[in-house]
């Protein structure tokens with residue numbers, strides 16, 4: 001760049017900085033650009049599939065799937081992990097279905113969890129935006145998009161048509177929340193439900209509620225499905241769950257994670273820790289015996305899990321080694337491009 005252009009650029013940057021504040025415009029290679037912080041999902045397998053060790057702070061995340069697939073469980077686990085790291089969390093319960101006792105069992109500090117049960121969609125999204133702008137919240141969960149009923153629909157008659165009202169509401173809210181979330185480094189997780197498109201002959205007939213806006217604004221989209229049952233004898237004690245990373249602006253997408261969700265306990269964290277440790281040869285398996293650093297730690301997987309429960313420092317040590325090995329591999333791959341996406345059709349519902 002010649003001197004005149006360089007001086008003109010410097011003058012423009014100084015003016016922008018004076019008017020809008022420091023770091024409004026930065027060079028992409030500047031050291032001031034920080035790596036994205038991540039909040040663990042509570043599942044080590046899913047953290048690795050996401051490529052950055054969890055869900056990204058300061059971004060919009062969508063978790064969707066069929067009923068009883070583990071969507072709320074996943075978000076409550078993320079809240080528990082965020083609170084353990086010293087974060088403050090909020091839960092906007094538009095479905096009016098949050099169970100405090102279940103949340104406590106999953107490790108959520110319910111005494112310090114902010115909860116709102118809004119009357120209508122506008123109120124829910126306004127509360128979310130105000131909490132984001134406060135700069136004091138690290139993680140907000142909105143459960144769910146389908147329950148964000150516009151005020152006009154609540155106040156209207158039962159048979160009234162309100163075409164595209166919820167889609168327009170979501171698009172307007174996300175335009176505000178996305179930028180505010182980035183500035184305050186607050187993650188906003190939207191739980192969403194699945195609907196069927198009528199008359200689809202080819203491709204998947206499934207779609208999510210609330211229009212297209214959330215698909216565009218979300219940095220991470222997770223599709224969660226129950227694929228089997230976990231049994232102890234004849235008793236069903238949990239479900240086998242598969243999560244597909246459908247969209248990821250932070251790392252390569254389309255990875256999958258399979259793990260168990262145990263009823264009343266949440267993700268079987270120690271079970272997947274043992275499996276990954278054996279897979280990475282951190283824990284050696286010979287027949288039914290498992291050994292770590294030359295010492296036998298149990299015969300059979302259940303005994304190893306019991307040993308790790310009694311020795312949490314060893315499970316923490318093993319987890320740190322797994323994260324170091326697998327997340328380094330993930331970060332070496334080319335990240336997905338964070339393309340500029342066009343504004344979605346507001347009226348599509």
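Keep in mind that glycine also has a Cβ here, set from the backbone N, Cα and C atoms.
Listed features, source Swiss-Prot:
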- 65, 66, 67, 68, 69, 70, 71, 72: ATP binding site (BINDING)
- 329-349: region 'Disordered' (REGION)
- 339-349: compositional bias 'Acidic residues' (COMPBIAS)
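Features as recorded by Swiss-Prot, highlighted on the structure.
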residue	record	Cβ within 10 Å
65	ATP binding site	24
66	ATP binding site	14
67	ATP binding site	8
68	ATP binding site	10
69	ATP binding site	23
70	ATP binding site	24
71	ATP binding site	22
72	ATP binding site	23
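Summary of the ATP site environment: with the site residues 65, 66, 67, 68, 69, 70, 71, 72 set aside, the chain residues having Cβ atoms within 8 Å of the Cβ mean position are 224, 226.
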